[in-house]
Amino acid sequence: KGKCPEDGWDESTIELFLHELAIMDSNNFLGNCGVGEREGRVVSGLVARRHYRLIHGIGRSGDISAVQPKAAGSSLLNKLTNSVVLDVIKLTGVRTVASCFVVPMATGMSLTLCFLTLRHKRPKAKYIIWPRIDQKSCFKSMITAGFEPVVIENVLEGDELRTDLEAVEAKIKALGAENILCVHSTTSCFAPRVPDRLEELAVICANYDIPHIVNNAYGVQSSKCMHLIQQGARVGRIDAFVQSLDKNFMVPVGGAIIAGFNESFVQEISKMYPGRASASPSLDVLITLLSLGSSGYKKLLKERKEMFSYLSSELKKLADNHNERLLDTPHNPISLAMSLKNLDETNDAAVTQLGSMLFTRQVSGARVVPCGSVQTVNNYTFKGFMSHANDYPCAYLNAASAVGIKKQDVDVFLKRLDKCLKTFRKEAKQEKSINEISDSNAATEQLED
């Protein structure tokens, strides 16, 4: 049926299935006589077994989704993977998605492929409207495609950084709609930035007849992000949305899913990919989804949501204990931020030092964001880089509840963070005592004089 099975398969069944696919490829035929330059020859048995002898990759030179006659098994694997992934995207919230395909590139390069496809439709366009998000790969995806990003600064609403819709529309009018390739929006992001106002942006794009590409990097795991995409497509215009395989399905880095609501446009993107492609990302995600089944994946998404609530409540308690606060970012369903105001006031280097302390204590993924850092990316200077704003009011620490996170991860993180913050408070007290003694000694010396 081309759908994700309700219940996951056991490993031996999956392996049997993959071996059956592999013997359909010509390089595995007993009497095969190959006289071309690409015959699926692999010298290492270890490499062959690692890929289940599916050596030909996917697609043909003119289309990554095309069937390769001498690789029937690999072609079937590709078709099945795209079909199963489409089913999963529907069950996670984007019910009207028309088509998708797995591409063996991470999110940034996959976005670049979308922009290059749009170039043929809008030859005069040179600008991409981009509500700011401080993540290098999505910024570089526009530069690599040969376009000029027009950065729209976010608006501070309470603690949250939100899309400045008025600035987006004003910039469209100033540049001229025909000169704009697309609006490049974002769903999943680090707090205190929250997902873009996708519905409103989609309406603006529809009104001005401008394409809309969504960076949905790790949004598949969030029902809120997927709902925003569904609603945006319902009320306005979304041409394609791109998501990472590793972040959403817990497979090795190297693949993404490009999906859209117009099947012909998604096919155009797949035809833009030059040459054949590695089957590894497709193989990894198919194995994963067959082993989980739709019920297993839904269970993981439910657990992630529960862990987000747990992380939020426990991080708030820890913040209160250290005279800090959990920033109020209700529109961000994955990432949280805790202020580091006291730490920042104690010592300029203390915030970045906390990040180093956490990393050496084997806490990965937590980001500390100091105030006022400046970074230049492809000749564009970002003030307050990593905070998604030129001048965010305070330094802070990020933590996220992503798919696969366990209660033990949260508990160990909070314990180690608490210990690090106590170390800083102890050092600050000692420094204060030393300063007080020095001041007292100086006052005594003055009286004696």
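The backbone N, Cα and C atoms fix where each Cβ goes, glycine too.
Positions annotated as pyridoxal 5'-phosphate binding site by TrEMBL: Arg38. Every protein chain shown contributes to the tally, and the Cβ of Arg38 (pyridoxal 5'-phosphate binding site) ends up with 12 other Cβ atoms within 10 Å.
According to TrEMBL, the tRNA binding site annotation covers Arg234, Arg361, Lys426.
What TrEMBL lists as compositional bias 'Polar residues' is 435-449.
Positions annotated as N6-(pyridoxal phosphate)lysine by TrEMBL: Lys247. Long-range neighbours of Lys247 (N6-(pyridoxal phosphate)lysine) (same chain, six or more residues apart, CB within less than 8 Å of its CB): Ala217, Tyr218, Gln221, Ala402, Val403.
Residues annotated as region 'Disordered' in TrEMBL: 429-449.
Here the C-alpha separation of Arg361 (tRNA binding site) and Arg38 (pyridoxal 5'-phosphate binding site) works out to 48 Å.
A straight line from the CA of Arg38 (pyridoxal 5'-phosphate binding site) to the CA of Arg234 (tRNA binding site) spans 45 Å.
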